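Q: This structure is in structure tokens; I'll ask about it shortly.
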């Protein structure tokens, strides 16, 4: 009987196993549905917390509505959502001519500046020389309804019709040893200073005009020329314009019995290494008003140093090199409308580093901001004529001084350096409320070209 009972129990157990399995193990579809991770709903604490873009849309995938709840601003939401969905379509800067790019989903939109159109603002509707210089690297002029670019001497127009390509190693205005990290300028906080009108001096006395400048390294001011008198002393500066022409101030010419020229030097104390170049002829502008004489203008303004410009013709050509390169001569329009609307120009020379102190043995250079004409005129007790302009600082002790006269005022544009002024005069050196006064080269372009064309 016992064996029969045991057998019945075993059979009953085996018969119940399939039913037990079905109760313990779920079917695959049901199990997968059960194990899927569902999005966690915010707890009551999270619901009352301010929206957080990282929690809502980065840690978890969010909807546009959730993003809007975070930003609480439709425009900001659209900007974020366009990038969030498929990346930033504007990252490659697709808009030409300084157009503004707005990202979209799978696309972008360019907002073009005036006179430009097209998906990427690539089409020029109406070019003007007054808008970004007509996109010209050097000179721009209007021909019918289009702009036409041209280049300074020793450059050729690039195939794009805008750029200028140097035709030689020593083309004008090329600063071959240009400063890289050590810019020929003053710190940003200095350059940002605006010219401020201060009270006029009660004792005006026009004085030949670098105070507190930096050393100009070899080849960094390659257009600088130095005028030497019969005693071997520096008395003025100049600017190389061509192998046989040096531009200077007219008032420099009557200061000595003879004139020699030195180029390519940054330290004139080493007399044994410097080479004096002989002068063939000097051309002084016939309307020049000398410093020892001034006339009373019809408006009763005292005028001196007007037409302060002269050109020296060399007996033998100047040999160009990395350290000796001429400055480029601009057109009048380019100088007035482009160069003189830049923030600043560069002035260099061997003049006195302090008022009534000895001249410097080393070449100095400073960056001087342009001063608007109204401020310039009100700052001086002497008349600022149309042939002059002001540059410098109203409070900082940075200026040209005695011995710098005749030297270059250079303005750079697209890595080419153009002559824009001649150091002429000032009321003292680096005086508070006073600026350096320069001969405005753009007023004399025809005269300069005429003299340079003489045989």
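Yeah, the Cβs are placed from backbone N, Cα and C, and that goes for glycine too.
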Q: According to Swiss-Prot, which residue out of 56, 272 bears the annotation 4-carboxyglutamate?
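A: 56, according to Swiss-Prot.
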Q: From 59, 117, 183, 233, pick the one Swiss-Prot annotates as 4-carboxyglutamate?
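A: Record says 59.
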Q: Long-range neighbours only, meaning 6 or more apart in sequence with Cβ under 8 Å: which ones does residue 140 (disulfide bond) have?
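A: Same-chain residues close to residue 140 (disulfide bond) (Cβ under 8 Å, separated by 6 or more) are 129, 133, 134, 147, 148, 149, 150, 333, 334.
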Q: Expressed to the nearest Å, what is the distance separating residue 101 (disulfide bond) and residue 110 (disulfide bond) at their Cα atoms?
A: 5
Q: Is the domain 'EGF-like 2' (129-164) packed against any residues at least 6 beyond its ends, judged by a Cβ distance under 8 Å, and which are they?
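A: The answer is 97, 114-115, 171-173, 328-331, 333-334, 337-338, 413-414, 416, 418.
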Q: Sort the residues of the domain 'EGF-like 2' (129-164) into helix, strand and coil with DSSP and give the three counts.
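A: Result for the domain 'EGF-like 2' (129-164), in helix, strand, coil order: 4 helix, 14 strand, 18 coil.
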Q: Would you find the one among the disulfide-bonded residues 136, 149 whose Cβ has the most company, meaning other Cβ atoms within 10 Å?
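A: Most Cβ neighbours within 10 Å: 136.
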